Amino acid sequence: MTLRNSSSVTEFILVGLSEQPELQLPLFLLFLGIYVFTVVGNLGLITLIGINPSLHTPMYFFLFNLSFIDLCYSCVFTPKMLNDFVSESIISYVGCMTQLFFFCFFVNSECYVLVSMAYDRYVAICNPLLYMVTMSPRVCFLLMFGSYVVGFAGAMAHTGSMLRLTFCDSNVIDHYLCDVLPLLQLSCTSTHVSELVFFIVVGVITMLSSISIVISYALILSNILCIPSAEGRSKAFSTWGSHIIAVALFFGSGTFTYLTTSFPGSMNHGRFASVFYTNVVPMLNPSIYSLRNKDDKLALGKTLKRVLF
C-alpha cells in the first residue's frame, strides 16, 4: 500500500506555537538563537572529543553520541519550525511521517544513551579498578548499538501505527511538529490499536530506562557516601552531578509533556511544555557536561592554542 492510498490527506497544516501574527518575529528570533546555540554547542563538543586523543574514553564516547543525537533531532524539526514562523505552515503527508520517524528514533535512542552513561558512571565510581576492563571498546559499541536499535524499533512502531490511520476530516495539527498524540486526534478511523502501541512503546522505553538509571543512581549514591574523604566524595559528586541534571531535564520535561497532552483539551499546554525537551534540553546539554568538567576545559584550551598559535 502506498502512502497516498493510506490517507486521503496529502498535506498537513501545523498550528505552531502561536497564531498571533505579532508574536511570529519575536518567536522566530528566539528559536533561531536557541537553534544556533544548539548546533554550535553540540557540534563543538563533537569536534572537541573527536580531535583530542585524551578524550577518547568511554565517558566521552557516550557524550559524543549524546551530542550527535541532540544535534540530529534538533535538526529534524527546528528548521521547519523556523520557516513556519515566517511563511505558511504546511508539511506534506510524506514529510510529516518522515519527521515523526526520525524524531521518535532520536528521542528513543537518547533514553538509552542516558542509561549507558548512567552505567558508565556506576562502573567508574563503584568499580574504578575494573573500569577500563568492564567498559571495553566492544562493550561501549554494543551499548550504543543497542540504544540505536531500540530507537529504531520504537520509531518503526510509532510510524507504522500512524500509517495505518486514515486522515480525512481535518488536516490541522495542533502542534509545531508531527508528533503521535496530535496526529491521533485527526484520525477519522479507530485509533485504539495506535493508542495501545503508543502507550506500550512509551511505557516500556520510559520505564525500563528510568528504572535502570534509578538503580544505577542508588548504587552510586550508596558508594559515594561510603567514601571516607570529603575530597573524594566531592570529586565523585562532580562527575556524577552533570549526568543527574541532564537526566532530570530530559525525562522530567518529556514525562510532563506527555502527561499533559494525554488529557482532553490540554494539547495547547503540552505544545508549550514540549519546547523544553525538544529545544531547550539539546541546547543545555553541552554546557551541563562541559562547563563542569576540567578535562573538557583543558582539551578546549589545548585545541585553541593549536588553532591560534
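Cβ atoms are placed via backbone N, Cα and C, with glycine included.
What Swiss-Prot records for Cys96-Cys188 is disulfide bond. Counting every protein chain shown, 23 other Cβ atoms lie within 10 Å of the Cβ of Cys96 (disulfide bond).
The N-linked glycosylation site annotation in Swiss-Prot covers Asn5, and the record cites sequence analysis as its basis.
Look at Swiss-Prot and you will find 1-25 (among others) tagged as topological domain 'Extracellular'.
The feature topological domain 'Cytoplasmic' is assigned by Swiss-Prot to 47-54 (among others).
What Swiss-Prot lists as topological domain 'Extracellular' is 76-98 (among others). Counting same-chain residues at least six beyond the ends of the topological domain 'Extracellular' (76-98), those with a Cβ under 8 angstroms from any Cβ of the stretch are 3-4, 7, 9-16, 24-25, 27-28, 31-32, 34-35, 38, 106, 159, 162-163, 167, 173, 176-178, 183, 278-279.
Annotation source Swiss-Prot lists topological domain 'Cytoplasmic' at 120-138 (among others), citing sequence analysis. Across the topological domain 'Cytoplasmic' (120-138), DSSP helix (H, G, I), strand (E, B) and coil residues number 16 helix, 0 strand, 3 coil.
Residues of the topological domain 'Extracellular' (160-196) grouped by DSSP class, helix first, strand second and coil last, total 14 helix, 2 strand, 21 coil. As annotated by Swiss-Prot, topological domain 'Extracellular' applies to 160-196 (among others).
The topological domain 'Cytoplasmic' annotation in Swiss-Prot covers 217-236 (among others).
Marked as topological domain 'Extracellular' by Swiss-Prot: 258-270 (among others).
Annotation source Swiss-Prot lists topological domain 'Cytoplasmic' at 292-309 (among others), citing sequence analysis.
Among the features that Swiss-Prot reports, transmembrane segment is placed at 26-46 (among others).
Residues or ranges marked as transmembrane segment by Swiss-Prot on the basis of sequence analysis: 55-75 (among others). If you look at the transmembrane segment (55-75), the same-chain residues 6 or more away from its ends with a CB under 8 A from one of its CBs are 35, 38-39, 41-43, 45-46, 48-49, 102-103, 106-107, 109-110, 113-114, 116-117, 120-121, 124, 131, 135, 140, 143-144, 147, 246, 278-279, 281-283, 285-286, 289, 295-296, 299.
Summarising the annotation, Swiss-Prot assigns transmembrane segment to 99-119 (among others). Outside the transmembrane segment (99-119) by six or more residues, the chain places 59, 62-63, 65-66, 69-70, 72-73, 76-77, 80, 91, 140, 143-144, 146-148, 150-152, 154-156, 158-159, 162, 177-180, 183, 205-206, 209, 212-213, 216-217, 243, 246-247, 250-251, 254 with a CB less than 8 A from a CB of the stretch.
The transmembrane segment annotation in Swiss-Prot covers 139-159 (among others) and is backed by sequence analysis. Within the same chain, residues 58, 61-62, 65, 97, 100-102, 104-113, 115-116, 119, 180, 197-198, 201, 205 sit at least 6 positions outside the transmembrane segment (139-159) and bring their C-beta atoms closer than 8 Å to a C-beta of that stretch.
Among the features that Swiss-Prot reports, transmembrane segment is placed at 197-216 (among others).
Sequence annotations record features per position, and here Swiss-Prot assigns transmembrane segment to 237-257 (among others) based on sequence analysis. For the transmembrane segment (237-257), the residues of the chain that approach it from at least six positions outside its boundaries are 66, 107, 110-111, 114, 117-118, 121, 124-125, 206, 209-210, 213, 217, 220, 224, 270, 273-274, 276-277, 280-281, 284-285, 288-289, 292-293, judged by C-beta separation under 8 angstroms.
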Grab the same-chain neighbours of the transmembrane segment (197-216) for me: Cβ-Cβ under 8 Å, and only residues 6 or more beyond its ends, written as numbers and ranges.
108, 111-112, 114-115, 118-119, 121-122, 150, 154, 157-158, 160-161, 180-181, 184, 247, 251, 254-255, 258
Secondary-structure category, per DSSP, in which Cys96 (disulfide bond) falls:
helix
Packing count at Cys188 (disulfide bond) (other Cβ atoms within 10 Å of its Cβ):
14
When you scan the chain for residues with a C-beta under 8 Å from the topological domain 'Cytoplasmic' (120-138), skipping those not six or more beyond its ends, what do you find?
58-59, 62, 216, 219-220, 223-224, 236, 239-240, 243
